[in-house]
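J.: Copied straight from Swiss-Prot:
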- 1-106: topological domain 'Cytoplasmic' (TOPO_DOM)
- 107-127: transmembrane segment (TRANSMEM)
- 128-142: topological domain 'Extracellular' (TOPO_DOM)
- 143-163: transmembrane segment (TRANSMEM)
- 164-178: topological domain 'Cytoplasmic' (TOPO_DOM)
- 179-199: transmembrane segment (TRANSMEM)
- 201-221: transmembrane segment (TRANSMEM)
- 222-234: topological domain 'Cytoplasmic' (TOPO_DOM)
- 235-255: transmembrane segment (TRANSMEM)
- 256-270: topological domain 'Extracellular' (TOPO_DOM)
- 271-291: transmembrane segment (TRANSMEM)
- 292-363: topological domain 'Cytoplasmic' (TOPO_DOM)
- 364-384: transmembrane segment (TRANSMEM)
- 385-397: topological domain 'Extracellular' (TOPO_DOM)
- 398-418: transmembrane segment (TRANSMEM)
- 419-426: topological domain 'Cytoplasmic' (TOPO_DOM)
- 427-447: transmembrane segment (TRANSMEM)
- 448-459: topological domain 'Extracellular' (TOPO_DOM)
- 460-480: transmembrane segment (TRANSMEM)
- 481-492: topological domain 'Cytoplasmic' (TOPO_DOM)
- 493-513: transmembrane segment (TRANSMEM)
- 514-525: topological domain 'Extracellular' (TOPO_DOM)
- 526-546: transmembrane segment (TRANSMEM)
- 547-602: topological domain 'Cytoplasmic' (TOPO_DOM)
- 580-602: region 'Disordered' (REGION)
- 582-595: compositional bias 'Basic and acidic residues' (COMPBIAS)
Amino acid sequence: MKNLSFLINRRKENTSDSNVYPGKAKSHEPSWIEMDDQTKKDGLDIVHVEFSPDTRAPSDSNKVITEIFDATEDAKEADESERGMPLATALNTYPKAAAWSLLVSTTLIMEGYDTAILGAFYALPIFQRKFGSQNDKTGEWEISASWQIGLTLCYMAGEIVGLQLTGPSVDLVGNRYTLIIALFFLAAFTFILYFCNSLGMIAVGQALCGMPWGCFQCLTVSYASEICPLALRYYLTTYSNLCWLFGQLFAAGIMKNSQKKYADSELGYKLPFALQWILPVPLALGIFFAPESPWWLVKKGRFDEARRSLRRTLSGKGPEKEILVTLEVDKIKVTIDKEKRLTSKEGSYSDCFEDKINRRRTRITCLCWAGQATCGSILIGYSTYFYEKAGVSTEMSFTFSIIQYCLGICATFLSWWASKYFGRYDLYAFGLAFQTIVFFIIGGLGCSSTHGSKMGSGSLLMAVAFFYNLGIAPVVFCLVSEMPSSRLRTKTIILARNTYNVVSIICSVLILYQLNSKKWNWGAKSGFFWGVLCFCTLIWAVVDLPETAGKTFVEINELFKLGVSARKFKSTKVDPFVVKNPPKDVSHNDPKGDIEASIAEE
């Protein structure tokens, strides 16, 4: 916090000086300034400045130049302070920001819950008999593979639509109101699921509920990354993964209860659907009182509201707090202005592919999130069904699922500790490497039909869940918030999540064919397939995924602009606020009567 203390003191001195000499000019300052382009003046893009020595009163333009350099210097100091801020200091300074971020991310509990109960329903006896068909060979009731695929496609298609609607909605009304609208529709669409009497009604309900889920997927990550400092970014973005796991654990517990008490009652599947009404109302009320993202407000030119929003995320009071707010707004403005100079247009989906820099950032973000599906994690979502098809009893299958989600929660907490010693890329790559090994072992056990091998394959799937939630699962939520530029963050995250959804659809279809007894009936041998796909994902990460740990958004922007290779991101040092030949005090006997000054665009 040394930089921050120095900056606060400097700001106080500057304020004091302005009070001592109100309306007066220093004798060495030039009389007036003529600029080439008035629009560039506001964007820190000063390419030519001329000083005339014939008078001594400073003009308004001269004040603008001073303000520009002060703002750039303040932004640099604020950026350095954020990068060097310890975790304890960040929590003490931004406790409200952390609390608001946790509240918004809690919306993901509902998506994790519902997607988990859908997979568990396929192993629930009452659900199988009411909506399934009987296998002529075994006499067992089962939901057909085509319907399992159809239901999965429905909610994922709904998420894709919801994600695409999220972009224009955020542009229009902001993050908070978009989330509140999504929560309202989720509560309304749940009625369709509760009163379902056919798989067709469930399909419609899943598709409609998928739209607000898509909104939650995008905004929880972007909101957490924009409202919190660098020291808290990893913890609060990866909390999204914890919310998924809490939802899945909640679902596993409810489904185990349904399997025990309501195995032959419609409450076995109606009660899990009804419990989705618990969270929308309290979450909507909490989000209504939450501050809007200051980055969104600055992009809209609403600077006073951005300052009010930042005040609500900071602790303390007095002039120090106001200085921190001003510094943060300056940093956000400088960052956004630098990005805007790359294009004069408002950020759109086409801008994500407009030039080489943005194409690279979009590609990495999309493939990074798609890696959550290609690493075999979709199999974890069908764990209860997998255990049953691997030969484990129905009751033990539900017990295994609960243990699996508990291990996932522990692994995510462990990743918070590991993030102090390992980077984002390290956790992503190590997790993939361990999963690859375990999947091949599961496939090998699937070649045996003994009771021990069946229990072993089920136990190892829990190991996959542990390594997944230690590495790739939590770190992806942080990476996808850091890779895009601030101007295109929401839209890039939407594209990335939709890429994940499309890949997940393909992976889900493959898994259902692999596990269904009427189709390929691979059982645990499917581990071979996912081991190969997981290894391919690891190769991509080694080649293309940069290390962003310890880098602020402005530094990441500069590294991408310079075209630094993925494996050199960590070691490359940049100064995003470099100023070339800044204007100095001008003597009145300047022989030419003019001085040129240049400021680096980026």
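Residue numbers in this text run from 1 along the chain shown.
Every residue gets a Cβ built from N, Cα and C, even glycine.
Walk me through where these features lie, including what they touch and how far apart they are.
T.: Across the residues of the topological domain 'Cytoplasmic' (1-106), the predicted structure has a mean pLDDT of 54.
Proximity of distant same-chain residues to the transmembrane segment (107-127), defined by a Cβ-Cβ separation under 8 Å and at least 6 residues beyond the stretch ends, is recorded for 141-143, 148, 151-152, 155, 179, 182-183, 186, 206, 209, 213, 216-217, 220, 240, 243-248, 250-252, 254-255, 258-259, 262-266, 268-269, 272-273, 275-276, 279-280, 283, 381-385, 388, 394, 397-398, 401.
Secondary structure of the topological domain 'Extracellular' (128-142) per DSSP, as helix, strand and coil residue counts: 4 helix, 4 strand, 7 coil.
Here the topological domain 'Cytoplasmic' (164-178) has Cβ contacts under 8 Å with residues 104, 211, 214-215, 218-219, 222-223, 287-288, 290, 292-293, 296-297, 349, 490-491, 494, 498 of the same chain, all six or more residues outside its ends.
Here the transmembrane segment (179-199) has long-range neighbours at 104, 107, 110, 131, 143, 147, 150-151, 162, 169, 173, 205-206, 208-209, 211-213, 215-216, 219, 270, 273-274, 276-277, 280-281, 283-284, 287-288, meaning same-chain residues at least 6 beyond its ends whose C-beta is under 8 angstroms from one of its own.
Long-range contacts of the topological domain 'Extracellular' (256-270) within its own chain (CB-CB distance under 8 A, at least 6 residues past either end) are made by residues 121, 123-127, 130, 194, 394-395, 398-399, 401-402.
Residues 119-120, 122-123, 125, 259-260, 379, 446, 449, 451, 454-455, 457-458, 461, 515-517, 521, 523-524 of the same chain lie 6 or more positions beyond the ends of the topological domain 'Extracellular' (385-397) yet place their CB under 8 Å from a CB of it.
Beyond its flanks by at least six residues, the topological domain 'Cytoplasmic' (419-426) meets 234-235, 475, 478-479, 482, 541, 545-550, 566, 570 of its own chain at Cβ-Cβ distances under 8 Å.
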J.: What same-chain residues lie close to the topological domain 'Cytoplasmic' (481-492): Cβ under 8 Å, and 6 or more beyond its ends?
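T.: Long-range Cβ neighbours of the topological domain 'Cytoplasmic' (481-492): 166-167, 170, 218-219, 221-222, 224-226, 233, 237, 295, 299, 332, 335-336, 339-340, 347-349, 351-352, 358, 361-362, 364-365, 368, 424, 546, 548, 551, 553, 556-557.
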J.: Using a threshold of three or more Cβ pairs below 8 Å, and leaving out pairs closer than 6 in sequence, do the transmembrane segment (364-384) and the transmembrane segment (460-480) count as in contact?
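T.: Answer yes: the transmembrane segment (460-480) meets the transmembrane segment (364-384) with 3 or more Cβ pairs below 8 Å.
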J.: Go through the chain and flag residues at least 6 beyond the ends of the transmembrane segment (201-221) whose CB is under 8 A from any CB in it; none is fine as an answer.
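T.: Apart from its flanks, the transmembrane segment (201-221) reaches 104-105, 107-108, 110-111, 114, 118, 131, 150-151, 154-166, 169-170, 175, 178-179, 182-183, 185-186, 189-190, 192-193, 195, 237, 240, 243, 477, 480-481, 490, 493-494, 497, 501.
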